[in-house]
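What follows is one structure encoded as structure tokens, with my remarks underneath.
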Amino acid sequence: MSSLRAHQKKNPTPTQCQNQTTLDSICKDIQTGKITRIVALVGAGLSTSSGLADFRTPDTGLYAKLEPLQLPYPEALFHISYFKHTPEPFYAIARGRHPWNTKPGVGHAFLALLEKKGVLGFVFTQNIDGLELDAGVSRERVMNLHGDWSDQHCIKCRSSYPADRMRKAILTGEVPFCVQANCEGIVKPAIVMFGESLPEGFDSREEEMLSTADLLLVIGTSLKVAPCSEIPRRLPSHVPRVLVNRELVGNIGTRESDVCLLGDCDAWLREVARHLGWDEELESVWKDTLVRKEKSSRDKGWDDKAEQSPTLEECIVRAAEQMKVRMGVSEGHRRMLEGHLGEKMAEIMAKRGQ
């Protein structure tokens, strides 16, 4: 089974790379029925307009804001080995990035519109925010490669953890612990951290979708996390790839059939909709998704919680202060960090030796 691995500019104006294939020709093929099975691979850049910072953009990305936490390296925030010993940073970030704080953007609505038009084959999402589903994309057409917030369990005894207690933990930023007698293990949401296996069935689903796709749409991803980063490379060379992103990533742009739309994701997807004659319908679909999300938030009592939530930056500062008090002079914490860094270095050296 595949596992999640981490590998260690913003464009001022939207630009389209000049290849043989163009946006016009792609849209024409969709309109004439030549393209009927679009597979999408989406990353954090799809959700930036929803208020969720991506990870690697200098100055504004999540990793650029983590300095107060003094992590051994940015990805440690989402590494299972680090989480097992030091879960405080993760829950500080979770408090500021939980789905109750977010609403679908135009990009999420665009995916829902593709399905409505009958041309969406599947969505591989690296996001854990669930905004594709909130926008109306059918659950059976989405694979959350990095999991989601739908469930939670103890990492020690694997027992399920009450949803109401998890909501309280996220709201306060406190680490939740198992409620089973004599366990006291750390509780983790159903997200996939670095060092954990991807969802069961990923390999077979990837093979199935790439073998039947007639277009790959890559939106808002750095393609720096394997095995997701390999999806565009594994696509048959005759199938066009459309990149919607701030910058070029992977090897997209090297094939004559590639189309690279560089700039703001929402702006470009609106432009694609305009080329297809779907611009008014896209705005209508987006408006409907916002109404549904607001109603869902009210029904779950999330709207009040969202108003109470501090900013991401405030969550980070508070967590840093708490960690300094709790673990600043802990010899055990120092040994844990040294051991974790040793494991990380061993992984790097092993990869280099392959």
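Including glycine, each Cβ sits where the backbone N, Cα and C put it.
If you look up Swiss-Prot, you'll see 16-279 marked as domain 'Deacetylase sirtuin-type'. The NAD(+) binding site annotation in Swiss-Prot covers 43-63, 126-129, 220-222, 245-247, Cys265. According to Swiss-Prot, the active site, proton acceptor annotation covers His146, on the basis of sequence analysis. What Swiss-Prot records for Cys154, Cys157, Cys178, Cys183 is Zn(2+) binding site, and it gives sequence analysis as the kind of evidence.
Distribution of Swiss-Prot features across the structure.
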residue : record                       : CB count, 10 Å
Ser47   : NAD(+) binding site          : 26
Gly51   : NAD(+) binding site          : 14
Phe55   : NAD(+) binding site          : 22
Asp59   : NAD(+) binding site          : 7
Tyr63   : NAD(+) binding site          : 17
Asp129  : NAD(+) binding site          : 24
His146  : active site, proton acceptor : 20
Cys154  : Zn(2+) binding site          : 20
Cys157  : Zn(2+) binding site          : 12
Cys183  : Zn(2+) binding site          : 12
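Take the Cα of Cys178 (Zn(2+) binding site) and measure to each of the binding-site residues Gly51, Phe55, Asp59, Asp129, Asn245: the nearest one is Asp129.
For the recorded Zn(2+) site, residues Cys154, Cys157, Cys178, Cys183 set the reference point as the centre of their Cβ atoms, and the other residues of that chain within 8 Å of it by Cβ are Ile155, Lys156, Arg158, Ser159, Phe177, Val179, Gln180, Glu184, Gly185, Val187. For Phe55 (NAD(+) binding site), the nearest neighbour among the recorded positions His146, Cys154, Cys157, Cys183, judged by Cα separation, is His146. For Gly43 (NAD(+) binding site), the number of other Cβ atoms no farther than 10 Å from its own Cβ, over all displayed protein chains, is 28. Non-local neighbourhood of Asn245 (NAD(+) binding site): Gly45, Val218, Ile219, Gly220, Thr221, Cys260, Leu261, Leu262, Cys265, each in the same chain, at least six residues away, with C-beta under 8 Å from its C-beta. Around Cys178 (Zn(2+) binding site), a 10 Å sphere centred on its CB holds 20 further CB atoms from the protein chains shown. In this structure the alpha carbons, written CA, of Gly43 (NAD(+) binding site) and the residue listed as 'active site, proton acceptor' are 10 Å apart.
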